[in-house]
Amino acid sequence: MKFKHKSVLLHETIDNLNPKDGGLYVDATFGGGGHARYLLSKLNKGTVIGFDQDEYAISMAKESFAKELQVGAEPRLMLVHDNFCHLKENLVELGISDGIDGIYYDLGVSSPQFDQPERGFSYRFDARLDMRMDQSQELDAYTIVNTWSQKELSDVLYKYGDEKFSRQIARKIVDRRKEKPIVTTFDLVDVIKDAIPAYARRSGGHPAKKSFQAIRVAVNDELGVLQESLEEAIKLLKPGGRISVITFQSHEDKIVKKIFKKYSEVEIPRGMPMVPADSKPTLRLISRKPIMASSDELEENNRSHSAKLRVAEKL
C-alpha cells in the first residue's frame, strides 16, 4: 500500500524557506514526503532530515525514497522515527550540533492515516478506538473515552474541538460506559449522536467531527508537543534560517502566531533611549498574515481549505 497524500501549500512552504545548496533542512512531519521531494529537487547539494512518529510512514518512506537514502559522502535524506518535540536530541545523535538552515511543519493527520480503518482516527470506518500517531505509546482514544472523568472529557471536547455540546456529550459517554465499554469508533459516534439535539445534527457536517478531532488532539498531545517543538526549532535555526508551519486548526495557528510574535517583537521599557543588545528580536516575520491556498489548489485539494502557512526567519 502506497502512502498517498497530496501535500498542501507545497511550493509556498518550500519556496519561502529560501533553500540554498549545501544546506541542512528538517522536515518535522515527513508523512508521504511530498514537501521533502520538492525541496530535494531544488538542492544540488544538501540534506533533508525527515521526522515522523508514525512507523508506517517511515516504512513507506524507506521504499519510495530508497535512492535518496543511500549512504554516500553526503546523504540526501535521513529519516528519524520520533516525535518532532525531540528535535535536538535526535540531531545530536546524528552528529549535528551547529544548527540547521531551515525547518518546516505540515501539521495534523495525513490522508493515509484517516483512510486506514484500523488506526481508529475516522468516524467513517468502524474500528477499535485508537487515534495514536505513535503506535508504541500507551494512551489511546479507548482509554480516554472509557476512563477519563466527565469533567476531563467535557474540557477536552470544548478546548480542542470547540464543541458547544461538550457537556452533554461527556455526560452521555459516562452514562453509556456504565452499561458497557465504548469500544469502537461507531460506538462513540452513536453516543455523540444521542447527545446532540436533533436540530443541531441537521447542519454543520458530521456530528462526531469535532469530538473526534478533540480526542485525537488529546491522545497525541498535539498542542503541547507543537509548542515545545517550535521553541526548540527556533533555537536550532542558524541566522538567516527559516521556519515554515502549516496549520489546519485555529488552536494550532494561535500557538504558531503567539510564538512567532514572542520572538519577533521587543518590548522596550519606557524611558529607555535604545534597545539593549540582548533585547533584540530573534525572528523576522516573512508574512504578517498567514499564506493561504490559491484558488487552483482549493479546487484540486479539499484539505487545503483550512490550511494556513506562517513563515519566519532567524535574525
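Using the three backbone atoms N, Cα and C, a Cβ is placed for every residue, glycine included.
The annotation S-adenosyl-L-methionine binding site is assigned in Swiss-Prot to Gly33, Gly34, His35, Asp52, Phe84, Asp106, Gln113 on the grounds of sequence analysis. Following the DSSP three-state reduction, the secondary structure of Asp106 (S-adenosyl-L-methionine binding site) is strand.
The annotation region 'Disordered' is assigned in Swiss-Prot to 294-315. Tertiary proximity for the region 'Disordered' (294-315) is limited to same-chain residues at least six positions away from its ends with a CB under 8 Å from its CB atoms, namely 6, 8-9, 12-13, 16-17, 111, 234, 237-249, 253, 256-257, 260, 263-264, 280-287.
Counting residues of the region 'Disordered' (294-315) by DSSP class, helix then strand then coil, yields 11 helix, 7 strand, 4 coil.
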